[in-house]
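For 9-16, 56-60, 119-122, the entry in Swiss-Prot reads GTP 1 binding site. Here Swiss-Prot flags 210-217, 257-261, 322-325 as GTP 2 binding site, drawing on sequence analysis. Annotated domain 'EngA-type G 1' per Swiss-Prot: 3-167, in sequence order. What Swiss-Prot lists as domain 'EngA-type G 2' is 204-379. Positions annotated as domain 'KH-like' by Swiss-Prot, on the basis of sequence analysis: 380-464.
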């Protein structure tokens, strides 16, 4: 990307709506409630022929440094300092406030390029607010409607003028290089069923989920080594899913911080419902999901439901018992947590559970290695030959039950997909195979092929009867 743009302004002027318009997706939560956005949200923007990196920010307010609003303001000021250009958004419908004027003074003092944007200019009575914006001393405002997409060409022209043509349209040698495509030849006789090598160079998507105030944002900040995400004693600070990238041992990790998930009965406000829906999208987009527990009050009903949700979505799961520095008797608590994990999460037998402390950094290396190891299992493929030898063995040890006096027969097994591992078994009368025997097969696969902590799916298919066609011809 050629340059970075920060969208700034006071709360509820339409910054997130403009962000969504420029990235072409509804990435940021939008609501009439002021102050929905709290963390910096990055994205890749497309505006006519411009391509640039964009950052949505929290609404700027006058507040003390030790308050939540003050910490939000500090995050926004970091975004302004790191950006090449700021889009200063004002509400043309409502007009200017003393906060707008204070923000204009702050932007002028920083000495960086600013484009003044008069949003909601399609509204009746917005002319007064548009002309008032001239008094801010930041040049001619660009009238737009972020909601309806009006004024986008004028905004593009203003950005090019502010940043400069050379910066806006740099020559990119990568555009030529990307056209060179090398096709890998197919080797005759190659066995595509054998276990495939794990690609440890591919970027890994990890979602961090859990109850409110479990320490999710603190954990990510510790990984990054900076206060990138808002944290504090207040529950529910994070409202929408924020993605951040960092490097771990040469591998790109894309982490998604998410809003805390409360019990459904307690989720009343529309905004919180939007936040939970955003968290569900992050889970579905991720490959591995870390469920953060508060080790001082672990295994509440909501914790179990979150783990169950992650597994039902087919994601790889790792448990992180956070705030371990506050646990008084670590050895006894660890033994208790392991026992509860096995008893309360039978569907995730062998799931990796790591004691850690986001505040101090304790256990982070082990947690990250557990994430990588679990992702390897989630991507695991097993050859058909190995599976059928295994199927014969487990049936010898524990044959399928007889139903109505007739023994069930499992004839053939193959892996149909990975991510998560899914298997198809050809058998007689698949509808008659009891759930208990499917659990036996699932647990056997997990133990014999070393697949802890990931969902395993088994599909039963009726085997073809070679005499069926002969009966029909008669």
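Using N, Cα and C of the backbone, Cβ positions are placed for all residues, glycine too.
The structure, with features from Swiss-Prot marked on it.
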residue : record             : DSSP class
9       : GTP 1 binding site : coil
15      : GTP 1 binding site : helix
57      : GTP 1 binding site : coil
121     : GTP 1 binding site : coil
210     : GTP 2 binding site : strand
216     : GTP 2 binding site : helix
261     : GTP 2 binding site : coil
324     : GTP 2 binding site : helix
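Reported as a whole number, the C-alpha separation between residue 213 (GTP 2 binding site) and residue 15 (GTP 1 binding site) equals 27 Å. Cα spacing between residue 12 (GTP 1 binding site) and residue 258 (GTP 2 binding site): 22 Å, rounded to the nearest whole number. If you compare Cα positions, residue 9 (GTP 1 binding site) sits closest to 258 out of the binding-site residues 210, 216, 258, 324. Comparing C-alpha positions, residue 121 (GTP 1 binding site) sits nearest to 258 among the binding-site residues 210, 216, 258, 261, 324. Distance from the CA of residue 57 (GTP 1 binding site) to the CA of residue 216 (GTP 2 binding site) is 20 Å. When Cα-Cα distances from residue 261 (GTP 2 binding site) are compared across the binding-site residues 15, 57, 60, the shortest belongs to 57.
The DSSP breakdown of the domain 'KH-like' (380-464) into helical (H, G, I), extended (E, B) and coil residues amounts to 31 helix, 24 strand, 30 coil. Rounded to a whole number, the distance between the Cα atoms of residue 57 (GTP 1 binding site) and residue 210 (GTP 2 binding site) is 24 Å. For the pair residue 15 (GTP 1 binding site) and residue 324 (GTP 2 binding site), the Cα-Cα distance reads 39 Å.
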